[in-house]
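*Asks:* Among the features that TrEMBL reports, domain 'GAIN-B' is placed at 30-177. The transmembrane segment annotation in TrEMBL covers 182-208, 220-240, 260-283, 295-315, 347-369, 390-413, 419-443. Summarising the annotation, TrEMBL assigns domain 'G-protein coupled receptors family 2 profile 2' to 187-442.
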Amino acid sequence: LAGPALRNRLAGLKVLLLNVSRAVTRDVLITFSPTEGPRMPNMTEKGKAGKIQLPREMFQSLSSRTVRVVVTVLNIQQLHMFKEVNQTGRVLDNTVVGITVGEMSISGLRDPVQLTFAHGQLPPGVTRQCVFWDLSKGTAGGWSISGCVTQPGDKGTVCSCDHLTFFTLLLNPVLDRSTAQALMAVATAGCGVAMAFSIFTIAFCILLRCRFRLEETLRINLGLHVNLGGSLLFLNLAFLLNSGLSNGTQPWTCKVLGGLTHYCLLCCFTWTALEGFHFYLLFVKVLGTYIHHYLAKLCLVGWGFPALIVVVAGATGSYGEYRIQTVDHQLIARLCWITSKHLLVHYITNCGYFGLIFLFNMAVFGVVTQKSCCLQATGAVQGDRKAWKVALVAAGLFCLLGATWALMFLTYGTSSAPVLYIFTILNSLQGIFIFIWLVVLYYPKTKETTGSLSHIIRHDKTATVSQD
């Protein structure tokens, strides 16, 4: 009875024995693969095997002895070994490589051991991490990264470690179930707070528009902020409806909800672009050209252009149920969004569209910052200009132009959970930042005209005309 069980356990174990002495003058190179085990380089098909490079430093302390280097390749799926409690990552090809040199315990190498794990294109949503089995973790051991450095590549990953033991490449999901649930809770709470401050922003801007009816420039500024606050309000509301109603909805309802969420997101992006365009006119053109029905035309673009994109995307059947899954295909959440079959629509209409807006708005941000510094240097701006207030206004302008959304370019593929948390929190707080920015920038207008943005623009325009 013990014979078949033993054969099954040894089926996933492949060993290479190699005698090495101090006379080694260069690094020892060994190749391995999950199917063929460890071999010398000329005995393995090129390009499809991993590599092990042992530095000659390891053998310099052997004096005249010859030691046996043992390289073991284990298939842990067959052996049922190296299973960590509550492990969320997946071992690449279920392969663990063990290296021992005689009976010595080797650690603290200046020239590290290098293991190259060969692989093709990895699935999206995973991070690569070189790990070793640490017997001191828990009761039966666990994976650890101490002393190992991960160097990702297109066709393989290099693990550089300063000691010898059992190594593998762990594929960790960016989103596991607990992280996804925590992110959803943070996003839901943040959306509620953002909706409240979006309402405060709209009310504050409407109040100022009614108070200063005769100042056209200020009315246009506040009108833009009202529309941006409205787009943020609708986006957060659409997200809350999506997360609450996406489970168990009819297909046509999910398509409508996905299109509505996409429309609100595109409106938010478009209004940040229009804010940047308006700031360009204020600080560069100094409103030298007056546009008839200027705010109405901006509203037509801000609310109409995203509708055109959504209609075209909806005509191609892009909207429906979108599933967020872990690496091992466990369902995390369902959303009504752009389906997985039409991800190109997402890359073009969301990533590409926002990428162009982000580049334009960052250029405007640089011009506005440079212009403001010049105005302060020439004495155009008078009054209390404390450092904290200037920094707060700059940070608010940064959020007003949608810079916090740029983190979405870091949340794909090899991103980590902290980046996702930062992205979720900052975008949830965007409405708060904008409200604080508006209060700091415009509230002094009610007490002191010289502190307002319109006064700076008027002063700069007057100075330009007088110089001409």
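In case you wondered, yes, glycine gets a Cβ from its N, Cα and C as well.
Can you walk me through where each of these features ends up in the structure?
*Replies:* Only residues 6 or more beyond the boundaries of the transmembrane segment (295-315), in the same chain, are considered here, and those with a CB under 8 A from a CB of the stretch are 220, 223-224, 227, 231, 255, 259, 262-263, 266-267, 269-271, 274, 278, 338, 342, 345, 349, 353.
If you look at the transmembrane segment (347-369), the same-chain residues 6 or more away from its ends with a CB under 8 A from one of its CBs are 262, 265-266, 269-270, 272-273, 275-277, 279-280, 283-284, 309, 313, 394, 397-398, 401-403, 405-406, 408-409.
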*Asks:* Contact between the transmembrane segment (260-283) and the transmembrane segment (182-208) is defined here as three or more C-beta pairs under 8 Å separated by at least 6 residues; is that satisfied?
*Replies:* no
*Asks:* Six or more residues beyond either end and a Cβ under 8 Å away: which residues meet both conditions relative to the transmembrane segment (260-283)?
*Replies:* 217, 220-221, 224-225, 227-228, 231-232, 234-235, 237-239, 241-242, 289, 298, 301-303, 305-307, 309-310, 313, 319, 336-338, 349-350, 353-354, 357, 360-361, 364-365, 367-368, 371-372, 397, 400-402, 405, 453, 457
